[in-house]
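Chemist: Dropping a structure here in structure tokens format, bear with me for questions.
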């Protein structure tokens with residue numbers, strides 16, 4: 001029988017124990033054999049990032065819709081507290097839904113595409129050479145497309161007014177808005193560096209820390225800027241509503257600047273070999289040494 005790429009190799013059968021087929025031999029379908037490994041991997045990462053960004057923002061936007069029902073001028077199409085009527089309960093609800101949506105979807109999709117969901121984070125990964133320029137470009141397109149598609153889904157699926165655009169509150173200047181977004185994004189990106197990029201015993205629960213980082217950032221930022229920290233998050237709703245405020249540019253410049261700040265500080269502490277400043281953080285503690293009181 002003619003052998004195709006879908007089946008494991010039988011070369012040398014009967015001469016010894018069977019060899020374990022490679023993942024390519026088991027998983028590659030015949031109609032995918034024309035794609036070389038790099039092209040296939042980029043395509044899979046693109047699809048994963050698009051779906052992941054869509055799911056992250058779909059649940060985040062949906063929760064924001066619910067939080068803003070009946071709160072002030074709920075038809076203003078924004079999440080900013082000054083427009084929708086300041087309410088700590090609404091602010092907490094929005095911060096929680098963004099944090100939990102990010103945490104869950106990063107945990108799901110990090111094995112497929114890295115679970116970045118954010119052009120600012122993608123830029124940071126490019127600057128630290130985690131991503132190649134080709135992969136970075138594809139993920140950026142996937143994230144922006146995911147932001148638009150998730151906005152479309154929320155706008156047509158729910159009967160309430162689509163009020164998830166990010167705008168500055170009345171008392172927040174453009175300069176303040178840029179720096180608020182930059183500082184909050186820098187904190188989020190640096191959290192990702194230390195919990196996910198740096199490998200350690202707690203890496204497997206990095207999504208929890210990343211979600212909590214977004215949570216505290218949203219608590220601070222939602223009232224003043226809408227708490228974007230993510231150009232795709234701000235761009236998608238603007239496309240669907242057809243409204244681009246004059247300050248929309250800050251949601252690109254601010255997070256981008258914040259990502260660069262995080263990269264600079266991360267590279268600075270790496271040059272200084274931060275690992276030796278507080279050693280043994282991931283070392284297994286010997287029980288006998290513990291009993292002797294040496295640790």
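Yeah, the Cβs are placed from backbone N, Cα and C, and that goes for glycine too.
Just so you know, TrEMBL annotations never went through curation; they're auto-generated.
The model shown is predicted, which means the values in this text are computed figures rather than measured ones.
Sharing the features that TrEMBL gives for it:
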type: REGION; residues: 1-22; note: region 'Disordered'
type: TRANSMEM; residues: 43-69; note: transmembrane segment
type: TRANSMEM; residues: 90-110; note: transmembrane segment
type: TRANSMEM; residues: 139-158; note: transmembrane segment
type: TRANSMEM; residues: 178-196; note: transmembrane segment
type: TRANSMEM; residues: 203-224; note: transmembrane segment
type: TRANSMEM; residues: 249-269; note: transmembrane segment
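Help me see these features in their spatial surroundings.
Modeler: Away from its own ends, the transmembrane segment (178-196) comes close to residues 110, 120-121, 124, 128, 172, 202-203, 206, 209-210, 213-214, 216-217, 220-221, 224-225, 227-230, 250-251, 253-255, 257-259, 261-263, 265-266 of its chain (Cβ-Cβ under 8 Å, at least six residues beyond either end).
Within its own chain, the transmembrane segment (249-269) has Cβ neighbours under 8 Å at 118-121, 123-124, 127-128, 166, 168, 174, 177-190, 193-194, 225, 228-231, 233-235, counting only residues six or more beyond its boundaries.
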Chemist: Among 43-69, 90-110, 203-224, which stretch has the most Cβ pairs under 8 Å to the transmembrane segment (139-158)?
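Modeler: Maximum Cβ contact count belongs to 43-69.
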Chemist: What parts of the chain pack near the transmembrane segment (203-224), using Cβ distances under 8 Å and only residues at least 6 beyond its ends?
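Modeler: Beyond its ends, the transmembrane segment (203-224) has Cβ neighbours at 79-82, 86, 91-92, 94-96, 98-100, 102-104, 106-107, 110, 115, 168-169, 172, 176-177, 180-181, 184-185, 187-188, 191-192, 195-196.
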Chemist: With Cβ-Cβ distances below 8 Å as the criterion, list the same-chain residues six or more beyond the ends of the transmembrane segment (43-69) that contact it, or say none.
Modeler: 35, 79, 84, 90, 93-94, 96-98, 100-102, 105-106, 108-109, 112-117, 135, 138-139, 141-143, 145-147, 149-151, 153-154, 157-158, 160-164, 232-233, 236-237
